[in-house]
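S.K.: Got a structure for you, written out below as structure tokens; questions coming shortly.
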Amino acid sequence: MAKRTDIKKIMVIGSGPIVIGQAAEFDYAGTQACLALKEEGYQVVLVNSNPATIMTDKEVADKVYIEPLTLAFVSRILRKERPDALLPTLGGQTGLNMAMELSKAGILQELGVELLGTTLSAIDQAEDRDLFKQLMKELGEPIPESEIVTTVEAAIGFANAIGYPVIVRPAFTLGGTGGGICSNEEVLRDIVENGLKLSPVTQCLIERSIAGFKEIEYEVMRDAADNALVVCSMENFDPVGIHTGDSIVFAPTQTLSDVENQLLRDASLRIIRALKIEGGCNVQLALDPNSFSYYVIEVNPRVSRSSALASKATGYPIAKIAAKIAVGLRLDDMLNPVTGTTYAMFEPALDYVVAKLPRFPFDKFERGERRLGTQMKATGEVMAIGRRIEECLLKACRSLEIGVHHNELKGLDTISDHELVAHIVRAQDDRLFYLSEALRRGYSIEELAGLTKIDLFFLDKLRHIVELEQDLIKKPVDIDLLIEAKRYGFSDQKIAELWQTDAASIRRLRRAYRVLPVYKMVDTCAAEFDSQTPYFYSTYEWENESIKSEKESVIVLGSGPIRIGQGVEFDYATVHSVKAIQAAGYEAIIMNSNPETVSTDFSISDKLYFEPLTFEEVMNVIELEQPKGVILQFGGQTAINLAEQLTKAGVPILGTQLEDLDCAEDRELFEKALKELGIPQPPGKTATNEAEALEAARAIGFPVLVRPSYVLGGRAMEIVENENDLRSYMKTAVKASPEHPVLIDSYILGKECEVDAISDGQSVLIPGIMEHIERAGVHSGDSMAVYPPQHLSKQVQDKIVDYTKRLAIGLNCIGMMNIQFVIQNEQVYVIEVNPRASRTVPFLSKVTNIPMAQVATKLILGQTLKDLGYQDGLYPESSLVHIKAPVFSFAKLAKVDSLLGPEMKSTGEVMGSDLTLEKALYKAFEASYLHMPEYGTIVFTIADDHKSEALILARRFSAIGYQIMATEGTAAFFADQGLDSQLVGKIGDNAHDIPALLRKGQIQAIINTVGTKRVTDKDGQMIRSSAIEQGVPLFTALDTAVAMLRVLESRTFSIEAI
């Protein structure tokens, strides 16, 4: 069947901001799909609200709209563009839900827009719990006994009938939002009440819990001619009961017999055929370990997180093929782009094992609820490839970047057996490390299998790692054993610890005996056919398949797993840097460990090494490739942290050099440089212990801002008001980086702004100045940023430009640099300088039309700004107003306080652009799911420091028709000032406290601030978490509330009596 000629223009819906459960995998899928459709000659219109993505680059689609993904905006774009068809299956749950909304509102029918890939009935059958149940019955596929409920009472009735535990799954939600396992009525009542609110159709499925079964996934493809195949099978290390996004996953499946594999494979193919999906689909099944009985858990009728993993694990480009199937091409028409000779109808065969480990945000949120269940909590993931399970598991552990280089966590050897077992029984994000510790203490794998229901096969692999550790201790400097340990994935560092030496000596020993890794190709066909892909992984075997090319090469280090503080923005910069390296005539080589991203798509670079970003692994690749140099600027803190070791090893670092990186990161050197350059900064000192810290704070005067040096995303940063708080900070937080001292600065409450600059060493281009809406003290990644600035005087802007130039030249910056300023009484202070690409690069590149990472790379490779046609200084401003707004994932993270402060908490971002500030703000709020109606009730619960400021806000809210409610102290203050408000009980005042009113839907927004003391007030935290659970807009910074007020005021007419 040929591709369709009756459609010319296709609209693709992106997945919006990155939240837990929906991360960079959709940027990868969307980019692949848009390029595939363009390749086939279609006109592509893309809509997405997330500027930090490659898919929203102008080259990816014919027309790109960065607008809110709401019914109002998407239907306007549809009316304007009049596409023939809509492809919603590449935008995750957001894309599917948008297609459903457009269809239900009658817009698709009115405009004659056809849905491609998955029909509405298939989306309904897979997503609507009732229809799914019916379809499975018709197919004779077993599913756990279940009932759809729309009330809490019905849920309790059904649970009593089948017995606890039961699982709750709300319909049409993402990443298991609102779901959970309930072992009694009390828990069930809470979860269902919340789940019904979160489900857009007010439905929950209550089903028998099959926790403890093996969880298996199949990634399947089908075309319009009913050809179907399995691209990849995957097995979760953790049994059913833990969300697959939070599970350790191996591909292909490891513990299934041939019969079991065929059974589940056939079921998956039957399901995709019954749903008539044209494209990709993910089927999750539960297998009873003791019999051949299985259950179908769920079906995702779209490209998903697992498809990104399956694509990278096999090399088979699922999203690209799915997009082509959607326009009528068949699997047996399309060549497999990996081999270039076999067809896409060919099922991939793997001669290696892949491990995926989730990356959790609990290094940032130490107080968060770490227990795992059916609701996803990981922000990102890493993947590692090896010939053996032990090898890929240990490589994946090193890739996580949580300070471990082995399946071993510092400090676990000192905990009691009781505590150890408690951690193993209750699955947490770090259970793998507790299991490994138990095996080191001599627990048997049978005991652990009994406690966890994890298959003995996997536990035996962990035991084998422990046995190798013991052998290494017994036989120091045994070369045969060294080879054995390397084959099973041990790092030089771990072997060095066991042999009581250092990693450098192990490296020398390995090289002396020629114990070196070889690189194998990922080729989809287990080396049966010749392959064209330059996609490699390391292993300790004989034949090396990665041949150094004749061309001079440059290696770019990626940024590893997505976590809070280091998101998809850095991947964006990496991909752009590669484009510039290729344009300059070099071979571009990427090293990265994240399966979700565009940078690890093998068609992006000339060579891709899927490896942990550690010194050992990076050096191995450098020794093989002998590149011109390595670029670290675009890999976030991950890459910058390797600068020192690489420089010492004699590796040429391209761009800003180590001593200049140090000058920006090392406190004393930085102060000295600023003095020499005549640039003011807030008074500050360094301290290495509690006594020094107290002395420093007394000299500077409270409040002070304290933080460790060399960190990203404001990790462990706090505003401290008094000596007691400082003592407790020094006790708990300084473990963040022991070799580096703690920085103590005077905290200046002023306006914050930031600049990204690009320098060639002689002249400096400043694409734009971004002004933050929230005042200093809120992390820049959590602030709304406005470009061009709206409230900075010409004099202040000139000063910012002058200081930026002085810093870039003074610190010998070649490439990118990010500087943050605070402004108080027209005085400009520098708060920090990062000599690398920052998270604002994609946003600024989009709004100024300067491909910043590409320009920076060209300068790093020796060109000048003048060569590229750019002037020195500030680039002319755009005529539109653009806003970058943060998006948070608090709804997924129980017990994490949503109060904004100097530690970053947002997971993603959106952009709003329009002719006026108010319109741009409106779009940014809509895109970040902060919708406020034009009237309603708003609650004020305000700290003493902010009451007079809040009074002005309350009066303005009242003037546009909002009813004002306030807690006791705030209401009393308002009354004294002549403003009436309705008193509301804080917590525990039964039917009239804030959580109760929130549950009844009687509150439309809450403004809750905490004084500079930032005392952890239990009440405030409960109010904040209730607002998040109920999806009610919550403002913890008055400046954000003022911004929202501007929007509401601009939308309402004033009514005054004459």
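Each Cβ is built from the backbone N, Cα and C atoms, and glycine gets one as well.
Swiss-Prot lists these features:
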BINDING   ARG129, ARG169, GLY175, GLY176, ARG208, ILE210, GLU215, GLY241, ILE242, HIS243, GLN284, GLU298  ATP 1 binding site
BINDING   GLN284, GLU298  Mg(2+) 1 binding site
BINDING   GLU298, ASN300  Mg(2+) 2 binding site
BINDING   GLU298, ASN300  Mn(2+) 2 binding site
BINDING   ARG707, SER746, ILE748, GLU752, GLY777, VAL778, HIS779, SER780, GLN820, GLU832  ATP 2 binding site
BINDING   GLU832, ASN834  Mn(2+) 4 binding site
BINDING   GLU832, ASN834  Mg(2+) 4 binding site
DOMAIN    930-1058  domain 'MGS-like'
REGION    1-401  region 'Carboxyphosphate synthetic domain'
REGION    402-546  region 'Oligomerization domain'
REGION    547-929  region 'Carbamoyl phosphate synthetic domain'
REGION    930-1058  region 'Allosteric domain'
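Give me the structural setting of these features: burial, nearby parts and distances.
M.R.: Long-range neighbours of GLY175 (ATP 1 binding site) (same chain, six or more residues apart, CB within less than 8 Å of its CB): VAL19, ILE20, GLY21, GLN22, GLN93, HIS243, GLY245, GLN375, MET376, LYS892. DSSP gives GLY175 (ATP 1 binding site) a coil state; it is part of no helix or strand.
Summarising the environment of GLU298 (Mg(2+) 1 binding site), the number of other Cβ atoms within 10 Å of its Cβ, over all protein chains shown, is 17.
For ASN300 (Mg(2+) 2 binding site), the count of additional Cβ atoms within 10 Å of its Cβ stands at 23 [all protein chains shown].
ASN300 (Mg(2+) 2 binding site) falls within a strand segment according to DSSP.
Within 10 Å of the C-beta of ARG707 (ATP 2 binding site) we count 20 further C-beta atoms, all protein chains included.
For ASN834 (Mn(2+) 4 binding site), other Cβ atoms within 10 Å of its Cβ number 22.
Note: GLU832 (Mn(2+) 4 binding site) has non-local neighbours ILE819, GLN820, i.e. same-chain residues 6+ apart with C-beta under 8 A of its own C-beta.
Note: the domain 'MGS-like' (930-1058) comprises 60 helix, 21 strand, 48 coil (DSSP; helix = H, G, I, strand = E, B).
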S.K.: Name the secondary structure element type, per DSSP in three states, that contains GLU215 (ATP 1 binding site).
M.R.: strand
S.K.: Based on DSSP, name the secondary structure state of ARG129 (ATP 1 binding site): helix, strand or coil.
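M.R.: SS state of ARG129 (ATP 1 binding site) = helix.
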S.K.: From the Cα of GLN284 (ATP 1 binding site) across to the Cα of GLY777 (ATP 2 binding site), what is the distance in angstrom?
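M.R.: Computed Cα spacing between GLY777 (ATP 2 binding site) and GLN284 (ATP 1 binding site) is 44 Å.
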S.K.: According to DSSP, which kind of secondary structure is GLY777 (ATP 2 binding site) found in, if we only use helix, strand and coil?
M.R.: coil
S.K.: Express the distance between the Cα positions of ILE242 (ATP 1 binding site) and ARG707 (ATP 2 binding site) as a whole number of Å.
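M.R.: If we compare the Cα positions of ILE242 (ATP 1 binding site) and ARG707 (ATP 2 binding site), the gap is 35 Å.
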S.K.: Round to a whole number and give the Cα-to-Cα distance in Å for the pair ARG707 (ATP 2 binding site) and GLN284 (ATP 1 binding site).
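M.R.: Here the two Cα atoms lie 44 Å apart.
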S.K.: Among all protein chains shown, how many Cβ atoms are found within 10 Å of the Cβ of GLU215 (ATP 1 binding site), not counting that one?
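M.R.: The Cβ of GLU215 (ATP 1 binding site) has 24 Cβ neighbours within 10 Å.
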S.K.: Quick one: of the binding-site residues ARG129, GLN284, ASN300, HIS779, which has its CA closest to the CA of ASN834 (Mn(2+) 4 binding site)?
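M.R.: So, of the listed binding-site residues, the one sitting closest to ASN834 (Mn(2+) 4 binding site) is HIS779.
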S.K.: Out of the binding-site residues listed (ASN300, ILE748, HIS779), which are within 10 Å of ARG208 (ATP 1 binding site), Cα to Cα?
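M.R.: So the list reads none.
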S.K.: Among the binding-site residues listed here, ARG129, ARG208, which has the most company in the form of other Cβ atoms within 10 Å of its Cβ?
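M.R.: For the binding-site residues ARG129, ARG208, the Cβ with the most other Cβ atoms within 10 Å is ARG129.
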